[in-house]
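Straight from Swiss-Prot, the features:
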- Glu124, Glu149, Asp176: S-adenosyl-L-methionine binding site (BINDING)
- Asp232: substrate binding site (BINDING)
Amino acid sequence: MPHFLAKLDFKPLEYPLIEGDFCFHREFLSLKNPTKSCVYASFKDRIFLLQKIRRANDFLIKSEKATPLKREVLKQALRIYSQSFEVISHNLQENSKHASGKKTLDLGTFEDFIQKNQAPILIEIGFGSGRHLIELAKNNPTKTCLGIEIHTPSIAQALKQIELLDLKNLHILQGDGRLVLESMPNHRCEKIFVHFPVPWNEKKHRRVLSEKFLNEALRVLKPRGFLELRTDDSLYFEDSLKLALKNFQCEIEIKKNAQIPVVSKYEARWNKLKKDIYDLRIYSLEWNETPFDNHAFDFSFDTITISKKSVGTILKTKKIIQEGYFVHVCNIYENKGDFLVELSMGDFDWPVRLFVLLTENQIFYLNKSPLKTLNNHKAHLLLQNILSQKGIG
């Protein structure tokens, strides 16, 4: 992660610090940990935060992951900010020419991406090595291919291949595929691939393929579009088949040990061991007439008035856990009566770290609201109650 170490200097900086498109507006001090602060900054019209941590012999200044910037922009921001310090060490050199310039899609702008996309969509959830996903994009140049993955090394590997092969129709999103599907409009996908997911036979609630996921997939698929599960785990296959048989709006196709053009490293290993591999295709048959409206999920704070005296109580609020979602106030930072609230919240399957800015006149999430899903919206409503001191304790 880009960062720099600086000698301790207890002389406060004079904000704002401005250079080019960068502005470092002010510094918020932690109410929970006096050695931590957040620098509130902007690049053009995008807000971001830097973490500033006072240690025994130095300051550590680095990015705040909840407000990401492109790596080179972040490095430039840190280089500019470091000019106000006596730097001990840093890793802010220019990127190697061999580094990938391709970036993942931002969850915060994913809704706009889907709305603007006019091409048929093919999705692979949990693409691993990326072999199948890359071939999918190469063989379907007029279609939009979307790979969804949570594993960062797999994503980095796929991004390098996308850039190397110049696959302009292939996009990568880091997130939980279950939540991503829930946020998508009806009938936007032709095919959804789930190849060799973790079986989670001892913790079945963690599986990708569940009754809820199947219903969302069939809603998102066009009529005659299909969800394809490929697995070497017989119990996962049998449980998934039972889920499909309970559904009244699908057609099922089953294959065993079918030969396919693209074989992953994982599959090649099982082939050598003569292990059975199961394919389950579930076709969507009906046109879902129920309107999809995630715009009903309002993530604004327009109805809340914050008492500054209540901030201490908010900070002491214990993590609140409900069925499927939670809210945890991790920290609060202050600058002249304005506050930054650091949060972990949302759906248990894919919780998010966010910051909310509280000023006398406005309250809003920095840069992005949570993904528009039902559990995230429930978590937002719970957060409103916490901030307004309703139903706490």
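Cβ coordinates come from backbone N, Cα and C, glycine included.
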| message | Name them in sequence order: residues not among Glu124, Glu149, Asp176 whose Cβ is within 8 Å of the mean position of the Cβ atoms defining the S-adenosyl-L-methionine site. | response | Ile125, Gly126, Phe127, Gly147, Ile148, Ile150, Leu173, Gly175, Gly177, Val180
| task | Output, ordered by sequence, the same-chain residues six or more apart from Glu124 (S-adenosyl-L-methionine binding site) with a CB under 8 Å from its CB, or 'none'. | result | His132, Leu133, Leu136, Cys145, Leu146, Gly147, Ile148, Ile192, Phe193, Val194, His195
| said: Name the residue among the binding-site residues Glu149, Asp176, Asp232 whose Cβ has the smallest number of other Cβ atoms within 10 Å. | reply: Asp232
| Could you give the Cα-Cα distance between Glu149 (S-adenosyl-L-methionine binding site) and Asp232 (substrate binding site), in whole Å? | 20
| task | State the Cα to Cα distance, in Å, between Asp176 (S-adenosyl-L-methionine binding site) and Asp232 (substrate binding site), rounded to an integer. | result | 22
